[in-house]
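Engineer: The structure's right below; bear with me while I get my questions together.
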Amino acid sequence: MKLAKLLRIVHCYLGLIAFLLTLISVPIFFLEAHMPLPSIDALNMLSLSLINLLVGSLFSLPLSQRLWWLQLLGSILLLISLLASMITALTDSSLFQSLHIIWLMLFGVVFSACAHWHNFRLHANIVWNTAARETGTVKWFNVSKGFGFISRARGDDVFVHFKAIRGQGHRTLTEGQQVEFLVTARDKGLQAEDVVSTPPDMFHLEYDEDTPPPPQSNND
């Protein structure tokens, strides 16, 4: 989605610029006894710069259409609050009150966190250990509805949703496809997560009697 890429770039670049401006204008890490403490506006700009950098990295995660609009609202609020804090901290302008900026920041963080709550739970429940991954065969997959079942190597079936397929854009599976996945226990039972297609074994080739074997290199 072009808008997601644009917002990701804006969040990252604007957050980085605000972070560097904060370090230049307020030497937080080199405070001396005679120097005044940083103002609340400078701290707001520093906090919002880091939050925007974090939110920019979240745009690479897949979201449903409904959660995407929630993320968009949170993104707009965070960008407005960051711009307001930069104007207030760098120009000593009274156009924006610090309390209003804080409220915008809080609402933006809450909306963004709610939009990615599913991804947070997913990454918290899955132990990313290659030894825990399983292999199986796609039993059937309904492309229009976006779900199906995978037959595990041990014999039973596990539910799979298209959101669990690794990749971007249109994600689907085909019947008989060999896949590798993780199994997590959800409210409605076991479900496959982080599904990837298993590449064909290129080291087990079968040759007919009339087909000569591949040439071998002689390094002697």
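Even glycines carry a Cβ here, placed using N, Cα and C.
Pulled these from TrEMBL:
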type	residues	note
TRANSMEM	12-30	transmembrane segment
TRANSMEM	42-61	transmembrane segment
TRANSMEM	68-89	transmembrane segment
TRANSMEM	95-115	transmembrane segment
DOMAIN	133-197	domain 'CSD'
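Tell me about the surroundings of these features in the structure.
Structural biologist: Residues 4-5, 7-12, 14-19, 21-22, 25-26, 28, 71, 74-75, 78-79, 81-82, 85-86, 88-89, 98, 101-102, 105, 108-109, 112, 116, 119 of the same chain sit 6 or more residues outside the transmembrane segment (42-61) yet have a Cβ under 8 Å from a Cβ within it.
Here the domain 'CSD' (133-197) returns a mean pLDDT of 85 for the predicted model.
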Engineer: Can you tell me how the residues of the domain 'CSD' (133-197) break down into helix, strand and coil by DSSP?
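Structural biologist: Split by secondary structure, the domain 'CSD' (133-197) comes out as 3 helix, 39 strand, 23 coil.
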